[in-house]
Amino acid sequence: MQSYKYDKAIVPESKNGGSPALNNNPRKGGSKRVLLICLDLFCLFMAALPFLIIETSTIKPYRRGFYCNDESIKYPLKVSETINDAVLCAVGIVIAILAIITGEFYRIYYLKEKSRSTTQNPYVAALYKQVGCFLFGCAISQSFTDIAKVSIGRLRPHFLSVCDPDFSQINCSEGYIQNYRCRGEDSKVQEARKSFFSGHASFSMFTMLYLVLYLQARFTWRGARLLRPLLQFTLLMMAFYTGLSRVSDYKHHPSDVLAGFAQGALVACCIVFFVSDLFKTKTSLSLPAPAIRREILSPVDIIDRNNHHNMV
């Protein structure tokens, strides 16, 4: 009768007599975690650095000339804005972060999904990753926008109203006018040179499209099939309305808004698919190696098997 022996894979013991998983130094793990958080914050700061420098310094946009008969820059200056900067930032950031907080809470505590992080609280780890990716995308989008504004210096539709050049000193027969002096307030004149591309369009498209993709990945409830598409449609319409309002307010040309939409959508897709883990395949927990079965033959069986081979 044959007997079998099963060999099990044994975890190598550490110097302290236990397994490595049980002998990790908590202080070492905590310091490593703090170091990684500091590295993330440094990357976030570097992504936002161009935006911070341009907004807080006296960097002036490129000084572009104009044509006297250019009707696209002769619109009046509207004092009030349909959607000002404060409303744009508040709505875009608050809605996105609230949606992420709710979505990650539902995923961790209701769906019981696990996090790969070593943090004891998986909800905090998931929230840190998703909010961090969103803010990183915001920083990149705004830095791209401000770099384009100061580098290109396209004139806004209300430029001549703000600049108020002295046409008595300008010879319009020369065609493209480069030598001119603005009599308007300098800060408003410099702002009127930042038409391309629309910051409202790029920021609103990034935040809303990021939320659309977040809902696509996290909103898994199948009770109402049209609820998720309705929410996604609403978010995109909010972004489109924000961009189109800039044309109605004479702040941007239509091409500025289209370029802003394209930039915001591109950054949102890159952040979602290449930085975050929203659409990455979930890996199952690794199973232990199967037991190895070894056949042990008795002396009689060995003799019989040898005789069989000799006869062959």
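Keep in mind that glycine also has a Cβ here, set from the backbone N, Cα and C atoms.
Look at Swiss-Prot and you will find 1-33 (among others) tagged as topological domain 'Cytoplasmic', backed by a curator's inference.
For SER19, the entry in Swiss-Prot reads phosphoserine.
Annotation comment: Swiss-Prot describes 107-123 (among others) as topological domain 'Cytoplasmic'. In the predicted model, the topological domain 'Cytoplasmic' (107-123) shows an average pLDDT of 73.
Taken from Swiss-Prot, the feature region 'Phosphatase sequence motif II' covers 197-200.
Using a 10 Å Cβ-Cβ cutoff, HIS200 (active site, proton donors) registers 29 neighbours. Look at Swiss-Prot and you will find HIS200 tagged as active site, proton donors, backed by similarity to another entry.
For 216-226 (among others), the entry in Swiss-Prot reads topological domain 'Cytoplasmic'. The list of residues near the topological domain 'Cytoplasmic' (216-226) in space but at least 6 beyond its ends in sequence, with Cβ under 8 angstroms from a Cβ of it, reads 103-104, 106-107, 111, 232, 272, 278-279.
Cβ neighbour count for HIS252 (active site, nucleophile): 28 (other Cβ atoms within 10 Å of its Cβ, all protein chains included). Here Swiss-Prot flags HIS252 as active site, nucleophile.
Marked as topological domain 'Cytoplasmic' by Swiss-Prot on the basis of a curator's inference: 280-312 (among others).
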How many helix, strand and coil residues does the region 'Phosphatase sequence motif II' (197-200) contain under DSSP? 2 helix, 0 strand, 2 coil
Quick note, HIS252 (active site, nucleophile) and HIS200 (active site, proton donors): C-alpha atoms separated, nearest Å, by 10
